[in-house]
Amino acid sequence: MDNLTFLHENATQPDFTLTAVTVFKICVIIPFFCIFMYSIILMLYTFYSQRQLWQSGRYVLFAHMLVSDTIHLLSSIVLFLLFKANVQIPFVYCQLLIFISSVSYMVTPINLATMSLERYIAICNPLRHAEICRVERGWIVILMFWIVSCVPFIAHISLEGPLADKDIYSGTLCRKQSANSSPSQKLANVVSSGLCFAVVATIVLYTYVRILLETRKVRADKASARKALKTVLLHGIQLGLCMLSFTYPVTEDIIQRQDIWFKDHIGFLNYFSFMLMPRFLSPLIYGVRDETFKKHMKRNLPCYSSKITPE
C-alpha cells in the first residue's frame, strides 16, 4: 500500500512541475511585454507630439518600425500563450494570427533598408533629399512594404493546397512552426526569408560603403557625414538582431528533434533570446542613440519632466 502511494505521488508530481514552469514562463513574458509596450508608447507619443519629428521622412520610417515591431511581438506572444495553454482556436483565426505575425516579421528588415537609403540620399545627394524623401512619399513606400511582405505568405498558402477540404472553423492548436508542414512550405519559407535578408544586407552594406567614401571626399560638414555613417552602421546592427529571429525556426526545429526531458525549457529560452529580445532591443537602441529623438523623449519621462522648468 505504501509503495502504491509513493508511486502515485511520483506520477502526479511531474504535472504539477510542468504547470509551475509554464506559469513561470508566462510570468516572464507578460512583464517583459509590458515594459516593451511602455517604451514603445513613450517613443510613439514623443513622435506624434513633436511637429519637427512627424514632418521628417526619417522619423516617419522609425515610427513605422516601432508599430510593425509591436504588431509582430504582440501576435507572436499571443501565439506563444495559446500554445503553452493548449488552447485550440478555429483554423481561420489561427491563420489570421500567423498572417499578421509573418507579414510584420518581413516588414522590419525592408524598413531598415529604406532608412539606410534615406541616409545615403541625405549625404550623397543632399540637394534632392527634401524632394525625394518627402513625408507623403514615405507613407506610399510604407504601404508598399506591407504589400510586398504579403507575397511570401500568399505563396505559402498556395503551397498548402485548397482550403475547400478543410473545416476553417474547426479547433486547432495554433503554432507558427506547424503551419510549415510540407517540405515545399519549409523550403519556400527559408528561401523567401533568406532572399529578403540578403537584399536588405546588400543595401545596408552598399549605403555604408558609399557614405564611407563620401566622408573621405567631402571636407565640409564631415561631422554630419560621420553621423550618417554611424546611423547606417546601427541599421546593420539592427538587421543583425532581426536575423537572430530568422534563426529561431531553425534552432527550434533542432531542439524539438532532441530526445531530452528539458527541451521545452530550452525552446522557451530560444524563443525569448531569438524572437523577443532582438525585436525589443532594435527600436530601443535607435531611439536612445538618436540625439534629437532622445532629447524630446526625455522630456516626456515623468522623472525628467518634473525637473524641467518652464521657459
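Keep in mind that glycine also has a Cβ here, set from the backbone N, Cα and C atoms.
Curation plays no part in TrEMBL annotations; they are all automatic predictions.
Pulled from TrEMBL, these are the features on record:
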type     : residues : note
TRANSMEM : 20-47    : transmembrane segment
DOMAIN   : 39-286   : domain 'G-protein coupled receptors family 1 profile'
TRANSMEM : 59-83    : transmembrane segment
TRANSMEM : 89-117   : transmembrane segment
TRANSMEM : 138-159  : transmembrane segment
TRANSMEM : 187-208  : transmembrane segment
TRANSMEM : 228-248  : transmembrane segment
TRANSMEM : 268-288  : transmembrane segment
Seminar exercise, completed: Among 20-47, 89-117, 187-208, 268-288, the most Cβ pairs under 8 Å with the transmembrane segment (59-83) come from 89-117
Exercise. The transmembrane segment (268-288): which same-chain residues, six or more beyond its ends, come within Cβ distance under 8 Å?
Worked result: 25, 28-29, 32, 36, 39-40, 43, 62, 65-66, 69, 72-73, 76-77, 80, 108, 234, 237-238, 241-242, 244-245, 247-248, 251-252, 255, 294, 297
Seminar exercise, completed: Model confidence for the domain 'G-protein coupled receptors family 1 profile' (39-286), as mean pLDDT, reads 79
